[in-house]
Amino acid sequence: MMMSSKKLTQLSVICWVAVLFCQSVQSQLQVGFYRNSCRRAELIVRNAVRDGINKDRGVAAGLVRMHFHDCFVRGCEGSVLLDSTSSNTAEKDSPANNPSLRGYEVVDDARAKLEAECRGVVSCADILAFAARDSFDLTGGISYDVPAGRRDGTVSLVAETSDLPPPTLNVDQLTQNFAKKGLSQEEMVTLSGRHTIGRSHCTSFRDRLYNFSGTNSQDPSLDATVGFLKQKCPQASTDTNLVVPMDTITPTISDVSYYRDILANRGLFTSDQTLLSNTATASQVNSNSRSPLGWKRKFAAAMVKMGQIEVLTGNTGEIRANCRVINS
């Protein structure tokens, strides 16, 4: 059926507005945004991240994941950093974030040092974007330019964490979830590679070990490592703090072992192993597994794009003095 000229005109206007909006965001976020207002901003954040990693290598994965979880809820505006109050439960206390998110103390350290050097200039949202970049770089990835100029939001609601993709999603659900944030299927596969570092709580994949799809048995796609996982995550255990490394070989190095594990049926989450169930995503898994530098470059580009989701710029939002609370 042919569209009327009026509908075509309306569609053209909508598309043009969307293009202008994207260009506007990109023009307001700038590489070197703090060059004149706080010259050492990125160096201060990088040093705080390095200090954090020296104390706990797992902090790097925490900061990358925290930036991801920030951007997928209300956009990249630091709402994940806000503490709950007596009248509001914040994002960070959602089961999707607590107790798994970590690295808040690194953001706090960077915030304090930046406030001492250039008070009220650098946003918490930008600190988190810089920290995620530095975490990737300092664990064997690569560095990349981060456009900055984000402002901090003033709302954080636990109910809105439903936008975060749980580890039980299949490939179609993942594709749809990322598409809602303006990210392609290939970018979804690329960003899934963040699971190359860090750890997972047993509760995130226990069903794959003991009750896959309600069958009271294990996921048949799991390889022989299932014995190791069952040992680390006993069926009868009620300890919610039990964890295992996402990658048993190089759990603190940003490399392509994540994709090689998937090819060997060692993907920890359903949302990892499902990438082999689709021809296009399986091809991307294969390609990434063979091209370490190529994946790192794609990851950097995807992180920059993700870091522009629904940002606050200009006079919107605020620059928090303390990343955990909104300004009074």
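Using the three backbone atoms N, Cα and C, a Cβ is placed for every residue, glycine included.
Note that the structure is a prediction, hence the values are computed from the model and not measured.
Feature annotations, courtesy of TrEMBL:
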- 28-327: domain 'Plant heme peroxidase family profile' (DOMAIN)
- C38-C118: disulfide bond (DISULFID)
- R65: site 'Transition state stabilizer' (SITE)
- H69: active site, proton acceptor (ACT_SITE)
- D70, V73, G75, S79, E91: Ca(2+) 1 binding site (BINDING)
- C71-C76: disulfide bond (DISULFID)
- C124-C323: disulfide bond (DISULFID)
- H195: heme b binding site (BINDING)
- T196, D247, T250, D255: Ca(2+) 2 binding site (BINDING)
- C202-C233: disulfide bond (DISULFID)
Nearest-integer angstrom distance between the alpha carbons (Cα) of the residue listed as 'active site, proton acceptor' and C76 (disulfide bond): 9
Fewest other C-beta atoms within 10 angstroms, as judged across C38, C71, V73, C124, which are the recorded positions: C38
Alpha-carbon distance [C71 (disulfide bond); E91 (Ca(2+) 1 binding site)] in Å: 12
Other residues, Cβ within 8 Å of D70, V73, G75, S79, E91 Cβ centroid (Ca(2+) 1 site): H69, C71, F72, R74, C76, E77, G78, V80, G153, S156, E160
From recorded positions C71, C118, C233, D247, D255, the one whose Cα lies nearest H195 (heme b binding site): D247
Binding-site residues compared (S79, T196, T250) - the one with the fewest other Cβ atoms within 10 Å: T250
Spatially closest candidate among R65, C124, D247, C323, the listed recorded positions, to C76 (disulfide bond) (Cα to Cα): C124
Whole-number Å value for how far G75 (Ca(2+) 1 binding site) lies from C124 (disulfide bond) (Cα to Cα): 13
Cβ-based isolation winner (fewest other Cβ atoms within 10 Å) among the disulfide-bonded residues C76, C118, C202, C233, C323: C118
Sparsest-packed of the listed binding-site residues (E91, H195, D247) - C-beta count within 10 angstroms: D247
Sorted by sequence, non-T196, D247, T250, D255 residues with Cβ within 8 Å of centre, Ca(2+) 2: I197, M246, I249, P251, I253, S254, V256, S257, Y258
Cα-Cα distance linking D70 (Ca(2+) 1 binding site) and C233 (disulfide bond), given in Å to the nearest integer: 29
Integer Å distance between the CA atoms belonging to T250 (Ca(2+) 2 binding site) and D70 (Ca(2+) 1 binding site): 26
Around the Cβ of G75 (Ca(2+) 1 binding site), the count of other Cβ atoms that are within 10 Å: 19
